[in-house]
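Peer 1: Below are the features listed in Swiss-Prot for this protein:
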{"type": "DISULFID", "residues": "41-56", "note": "disulfide bond"}
{"type": "DISULFID", "residues": "54-80", "note": "disulfide bond"}
{"type": "DISULFID", "residues": "57-67", "note": "disulfide bond"}
{"type": "SIGNAL", "residues": "1-22", "note": "signal peptide"}
């Protein structure tokens with residue numbers, strides 16, 4: 001009887017330690033995830049196809065996107081990054 005009580009106490013202590021470590025890891029993940037990185041230019045879907053066919057540049061000051069279609073502008077990615085570098 002005494003051995004089973006000691007084993008039960010050890011299991012409870014180990015479980016509490018594991019829960020504490022898990023909560024500590026979740027807290028550090030929340031601190032890291034609070035900083036969201038938004039890339040300046042991203043490839044997205046602009047037409048009705050399921051293919052990413054344009055590049056958009058997000059302007060945080062005016063909260064709007066400038067987009068260039070790959071069909072109209074073959075160098076859409078370069079245009080997007082050039083436009084973003086002008087804003088800095």
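Glycine too: its Cβ is placed from the backbone N, Cα and C atoms.
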Peer 1: Excluding near sequence neighbours, so keeping only residues 6 or more apart in the same chain, what lies with its CB under 8 A of residue 67 (disulfide bond)?
Peer 2: 44, 46, 54, 55, 56, 57
Peer 1: Whole-number Å distance between the CA of residue 80 (disulfide bond) and the CA of residue 41 (disulfide bond)?
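Peer 2: Residue 41 (disulfide bond) has its Cα 6 Å from the Cα of residue 80 (disulfide bond).
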Peer 1: Identify, among the disulfide-bonded residues 41, 54, 56, 57, 80, the residue whose Cβ has the fewest other Cβ atoms within 10 Å in this structure.
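Peer 2: The disulfide-bonded residues 41, 54, 56, 57, 80 were compared, and 56 has the fewest Cβ atoms within 10 Å.
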Peer 1: So, three-state DSSP: helix, strand or coil for residue 80 (disulfide bond)?
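Peer 2: Assignment for residue 80 (disulfide bond) reads helix.
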